[in-house]
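Q: Pasting a structure below so you can have a look.
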Amino acid sequence: MLADQFGREVTGVRVSLTDRCNFDCVYCHNEGLGDTRGPMDPQDDEMSADDVVRFLEVAAEFDVDAVKFTGGEPMLRGDLTEIVRRTPDELEVSMTTNGTFLPDRAEELVDAGLERVNVSQDALDPDDFAKVTQSGAYEQVIEGVEAALDAGLAPVKLNMVVFQGTKPYLPEMVDHVAENDGLRLQLIEYMPELVGNADWAVDTAAMHEWLAGQADRIEQREMHGRSRYFIDGGMVEVVDPVGNEEFCANCHRVRVTHDGYLKGCLNRNDDLRSMGEMTEAEIRETFRETVENRVPYYGEYMVEEDGEWVVNERYLDDPPTADD
Ligand SMILES: Nc1nc2c(ncn2[C@@H]2O[C@H](COP(=O)(O)OP(=O)(O)OP(=O)(O)O)[C@@H](O)[C@H]2O)c(=O)[nH]1
Ligand SMILES: C[S@@+](CC[C@H](N)C(=O)[O-])C[C@H]1O[C@@H](n2cnc3c(N)ncnc32)[C@H](O)[C@@H]1O
Ligand code: SF4
Ligand code: SF4
């Protein structure tokens, strides 16, 4: 297994299969690449199924044990089932999706080897949902969650981005997962680093306190040191990476962009390495180098002083926006 200079073993890879999307969520970071708007048809720059599988075979050689397919909207890929089917058996296969295409395809994906799914759902009311996603597909998403449960994918995590626009929906979302078997809630802190609008952020410390006040039990996940709150039979996990050194200190993932670039950190675009025309041996070497070059905290938001990486205080005090 590969470990970076800071002792973090790389156990997972997150592969973006496309940067296209049928939604236009107001906050979207597109896994670190910016805008998802554009043509919906397959694009030439996307990795082919062969490229994805070749990379995953290399990752498996390095004892990576999990892959997350994401995007853009990964289910826009017509060859998604093939990719899942051809993923090496050693890797747990999960996907994060907006859920709209699950009603027709959940079962075939499970048959192909999909083991877990996270579905993004920020609200329980169609109008509220439409304001955030700029899409009217609320019913399809609800049907998608049902289809995932019917296909045996419970527990299904509902991903909710917590920002000023969704904060009022928090209590009903917590109740929703408590009342419905098979659902969990994942509260994702709004990340302004790549998309701006820092003033949309909410006070996560207050959110933790509010959740703790209702919880029967609290656990901490090894991954990212994430907290899990058990409330009235439901489970709520908090993903709070912004300015959170502990979160990064427990980050064991390497990313791949839809166009086949290795990327050591979601918030970092200065270390992209194309796997384009590479042989398997070259991919192996580049993977090693990407792991070797990981930084302990936020990539470009760290500053190097006297040969050491230290936290960029300016960033912590005043997070830059895309407009800076
Ligand atoms: N900064 C940062 N944000 C992350 C990281 N992992 C997840 N996130 C945020 O959380 C969102 C949702 O993550 P998911 O794709 O659902 O996956 P996950 O919850 O991390 O993974 P599982 O628990 O394995 O399902 C991401 O799109 C990011 O916004 C990370 O390593 N760094
Ligand atoms: C980029 S989307 C890709 C997969 C799929 N289209 C979806 O929405 O689930 C992955 C996750 O990132 C979350 N996300 C997007 N932009 C974000 C931001 N600025 N801050 C925090 N989470 C964000 C989404 O809510 C979603 O759960
Ligand atoms: S559905 Fe996912 S990829 Fe599409 S705009 Fe929303 S967050 Fe971004
Ligand atoms: S911001 Fe931190 S947790 Fe997220 S990918 Fe980068 S190092 Fe990992």
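In case you wondered, yes, glycine gets a Cβ from its N, Cα and C as well.
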Q: For the GTP site, TrEMBL lists R14, K68, T96, R253, V254, R255; sort out which one of K131, K157 goes with them.
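A: GTP site check in TrEMBL: besides R14, K68, T96, R253, V254, R255, the record includes K157 out of K131, K157.
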Q: Can you tell me how many other Cβ atoms are located within 10 Å of the Cβ belonging to K68 (GTP binding site)?
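A: 21, counting other Cβ atoms within 10 Å of K68 (GTP binding site).
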Q: Rounded to an integer, what is the Cα-Cα distance in Å between C248 ([4Fe-4S] cluster 2 binding site) and G72 (S-adenosyl-L-methionine binding site)?
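A: It is 23 Å, counting Cα to Cα.
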Q: Any idea what the model's mean pLDDT is for the domain 'Radical SAM core' (5-235)?
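A: A mean pLDDT of 94 is what the predicted model shows over the domain 'Radical SAM core' (5-235).
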